[in-house]
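Undergrad: Supplied in structure tokens, the structure appears directly below.
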Amino acid sequence: MTAPSQVLKIRRPDDWHVHLRDGDMLKTVVPYTSEIYGRAIVMPNLASPITTVDAAIAYRQRILDAVPAGHDFTPLMTCYLTDSLDADELERGFHEGVFTAAKLYPANATTNSSHGVTSVDAIMPVLERMEKLGMPLLVHGEVTHADVDIFDREARFIDTVMEPLRQRLTALKVVFEHITTKDAAQYVRDGSYNLAATITPQHLMFNRNDMLVGGIRPHLYCLPILKRNIHQQALRDLVASGFTRAFLGTDSAPHSRHRKETRCGCAGCFNAPSALGSYAAVFEEMNALAHFEAFCSLNGPQFYGLPVNTGWVELVRDEQQIPENIALADDSLVPFLAGETVRWSVKK
């Protein structure tokens with residue numbers, strides 16, 4: 001029997017879905033991403049969403065100002081789609097290299113999404129322009145109708161929004177972000193070359209029992225919400241198969257402790273400190289480490305038409321405890337897997 005490897009060396013990965021927030025929170029969380037990843041697709045759902053080229057340029061500079069010396073990191077900016085967004089502004093940002101992609105949030109689907117899209121028809125001229133440009137559309141794939149159960153929102157979105165949209169704009173490049181169901185896994189697997197998906201570490205590692213049985217664990221609460229075990233297993237099977245249109249997107253989403261541990265807590269897991277090691281543990285459990293580098297470092301650039309990073313990252317089999325909390329200016333931040341021991345850690 002071959003002894004398990006003690007070191008995993010992969011091309012420097014990218015994070016194709018991250019929330020860096022703003023202000024003091026941004027300054028705290030950016031180094032956890034910039035230390036490990038060469039690039040990251042930065043979500044635009046700030047309190048004042050990023051809807052213009054100038055706003056994206058200013059936000060990008062605030063991010064770069066928070067990157068520590070010695071970190072080689074490029075934030076890839078996204079435009080927040082609204083019913084009133086100007087297609088010319090979006091095209092200008094894409095041509096000028098400011099916007100890498102645009103993000104569709106259904107109105108009120110998640111944090112800071114009240115400005116989101118009320119219907120696909122409302123933004124059809126913008127989507128048609130994106131199709132012509134070859135600009136990727138990033139989709140939070142949940143319906144928000146009051147009569148749809150929260151555990152059914154993703155599956156319903158496929159039938160009522162995603163599939164009709166892709167039938168209408170067959171050349172539109174779409175990333176179905178943070179997929180959580182067997183329905184989405186099968187839909188992406190059966191889809192064409194221009195449909196891809198990101199998957200978070202928490203949706204590969206946990207299901208809704210982990211969040212709800214024996215007490216509520218607010219730091220596992222995110223949107224889309226954790227689903228049944230059968231859905232978790234479908235995601236694991238998808239990445240273990242070496243499917244090339246699925247790639248790393250942590251959806252790392254920090255909230256201060258008092259906003260998570262309260263009677264109406266916020267959705268989001270701050271997983272940036274432990275995500276890469278968490279993914280490695282999942283791939284190892286599935287005897288799929290042969291596909292780990294592609295998921296982290298190759299599939300995303302291939303879909304986006306970007307070069308692979310030139311640097312390398314090493315993960316070592318060296319147990320490391322995740323801190324219980326991370327200090328903020330006037331609160332603290334509880335990271336994903338706080339207080340737990342992880343098997344794989346990034347070599348500093």
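Quick reminder: no glycine exception, Cβ is built from N, Cα and C everywhere.
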Undergrad: Say Swiss-Prot lists HIS140, HIS178 as binding Zn(2+) 2: which of LYS103, LYS132 is in the same site, per that record?
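TA: The candidate from LYS103, LYS132 that Swiss-Prot ties to Zn(2+) 2 along with HIS140, HIS178 is LYS103.
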Undergrad: Which of these, ASP251, ASP318, ASP330, does Swiss-Prot say binds Zn(2+) 1 at the same site as HIS17, HIS19, LYS103?
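TA: Record source Swiss-Prot; matching candidate: ASP251.
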Undergrad: HIS19, LEU20, ARG21, HIS140, LEU223, HIS255, ALA267 bind substrate in Swiss-Prot, but which of ASN45, ASN194, ASN287, ASN299 does that record place at the same site?
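TA: Looking through ASN45, ASN194, ASN287, ASN299, the residue Swiss-Prot assigns to the substrate site is ASN45.
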Undergrad: Sorry to bug you, but what's the C-alpha spacing from HIS178 (Zn(2+) 2 binding site) to LEU20 (substrate binding site), rounded to the closest Å?
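TA: The Cα atom of LEU20 (substrate binding site) is 16 Å away from the Cα atom of HIS178 (Zn(2+) 2 binding site).
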Undergrad: Do you see any of the recorded positions HIS17, HIS19, HIS178, ASP251 whose C-alpha is within 10 Å of ASN45 (substrate binding site), and which ones?
TA: HIS19
Undergrad: Look up LEU223 (substrate binding site) in the DSSP assignment and report helix, strand or coil.
TA: coil
Undergrad: Counting across all protein chains present, how many other Cβ atoms fall within 10 Å of the Cβ of HIS19 (Zn(2+) 1 binding site)?
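TA: So the Cβ neighbour count for HIS19 (Zn(2+) 1 binding site) comes to 26.
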Undergrad: Given the binding-site residues ARG21, ASN45, LYS103, LEU223, and counting only Cβ atoms in the protein chains shown, which has the most within 10 Å of its Cβ?
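TA: Of the binding-site residues ARG21, ASN45, LYS103, LEU223, the most buried by Cβ count within 10 Å is LYS103.
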Undergrad: Quick one: what's DSSP say for HIS178 (Zn(2+) 2 binding site), helix, strand or coil?
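TA: SS state of HIS178 (Zn(2+) 2 binding site) = coil.
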Undergrad: Restricting the comparison to the recorded positions LYS103, HIS178, ASP251, which residue's C-alpha is spatially nearest the C-alpha of ALA267 (substrate binding site)?
TA: ASP251
